[in-house]
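Annotated in Swiss-Prot:
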- K22, N23: phosphoenolpyruvate binding site (BINDING)
- R92, R121, P122, I123, D124, L125, D306, I328: UDP-N-acetyl-alpha-D-glucosamine binding site (BINDING)
- C116: active site, proton donor (ACT_SITE)
- C116: 2-(S-cysteinyl)pyruvic acid O-phosphothioketal (MOD_RES)
Amino acid sequence: MRKIVINGGLPLQGEITISGAKNSVVALIPAIILADDVVTLDCVPDISDVASLVEIMELMGATVKRYDDVLEIDPRGVQNIPMPYGKINSLRASYYFYGSLLGRFGEATVGLPGGCDLGPRPIDLHLKAFEAMGATASYEGDNMKLSAKDTGLHGASIYMDTVSVGATINTMIAAVKANGRTIIENAAREPEIIDVATLLNNMGAHIRGAGTNIIIIDGVERLHGTRHQVIPDRIEAGTYISLAAAVGKGIRINNVLYEHLEGFIAKLEEMGVRMTVSEDSIFVEEQSNLKAINIKTAPYPGFATDLQQPLTPLLLRANGRGTIVDTIYEKRVNHVFELAKMDADISTTNGHILYTGGRDLRGASVKATDLRAGAALVIAGLMAEGKTEITNIEFILRGYSDIIEKLRNLGADIRLVED
């Protein structure tokens, strides 16, 4: 069993560069199945989710080459083989294969999504969209079987009953080669949706409106190869900004798009965090006299659910009391119990997190219960006096590229230990 060991209480200083967006690349890679030539992705993060996706693509017959942060995928040899639950149960984003396989082959058998345990993640919106486009869906144990083999996919008007990033992207992927026009109403607006649409358009798709709540897709017969640069990871950026404010003595975060983080940064400014925003970087000063605030997550451009956990340790430095309410994943509270082991004054009731800042944290043995909870524990361990040991670190490695090396370069006493 691997674990992360941190000797905390050290001031950190220096620069850190943000990798490509995890939440983009996990959709971009399956979308490449639709191309009839090589697609190259730049700025691909070195995370275990990418390694898993590459393995799946190779099992299906794709040729994949990786060097540094470049991923070159030739999908011409892909075959439509069933992908059972066992092979992809670590991936939340396995459902993107639904759209890409339907779009290329007219059918798909894929295991149900895995990933972090944040409560129910229904795929009903995905299925509703596919069925509107002419597919049938049925469960076979832990697998989903989809078929539009007889009639093929056709355009449709689809209203998303709730705002869903995954369902919006999946519908776009399925619709780009469907016959006719597809209109997605009440679409999610996240930057990652724009990134996927940009790749697909560069491959020859006709998508308009990505980043707004109405997306229009006119189907095309073929998609060609292209080269695409993955956008910076706004969640990784927000995590390191929170870390820099919590334990930094001056840290510059490079490869950041401020416009993707405006809601998050506004809340930090409400706390009193001092920072300087440049064109593609943010410099976070050493902090003092921070104020407790309330956080409520919301779909983009609101406060991202993926950032409420990484922000929590910084909130514990602030003076006063506050609440955190996650309206997206109300069960995203498991980090609270681990932070309490580190002597944090924090609790949860009825899905609300209640905290009182100002108490020093102490090192402890804790467990990462999901990806962003793991990030919160890393930050807390860097803040705490003494040694912190974090287990279940596979969650952390799913989403944070080179996290140990990046933190060591700032002066952190952190290491990965093989038990």
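Glycine residues also receive a Cβ, built from the backbone N, Cα and C atoms like all the rest.
Distribution of Swiss-Prot features across the structure.
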residue	record	contacts (Cβ under 8 Å, 6+ apart)
K22	phosphoenolpyruvate binding site	P45, I47, D49, D233, I235, E236, R398, G399
N23	phosphoenolpyruvate binding site	V165, E190, E192, D233, I235, D306
I123	UDP-N-acetyl-alpha-D-glucosamine binding site	Y95, L112, P113, M144, G166, A167
D124	UDP-N-acetyl-alpha-D-glucosamine binding site	none
L125	UDP-N-acetyl-alpha-D-glucosamine binding site	M160, D161, T162, S164, G166, A167
I328	UDP-N-acetyl-alpha-D-glucosamine binding site	T297, A298, P299, T305
- Cβ atoms near R92 (UDP-N-acetyl-alpha-D-glucosamine binding site) (within 10 Å, other residues, all chains): 19
- Task: Mind giving me a neighbour count for D306 (UDP-N-acetyl-alpha-D-glucosamine binding site)? Other Cβ atoms within 10 Å of its Cβ, every protein chain shown.
- Result: 23
- Item | Assigned element (helix, strand, coil) containing K22 (phosphoenolpyruvate binding site), judged by DSSP | helix
- Task: Return one of helix, strand or coil for I328 (UDP-N-acetyl-alpha-D-glucosamine binding site), based on DSSP.
- Result: coil
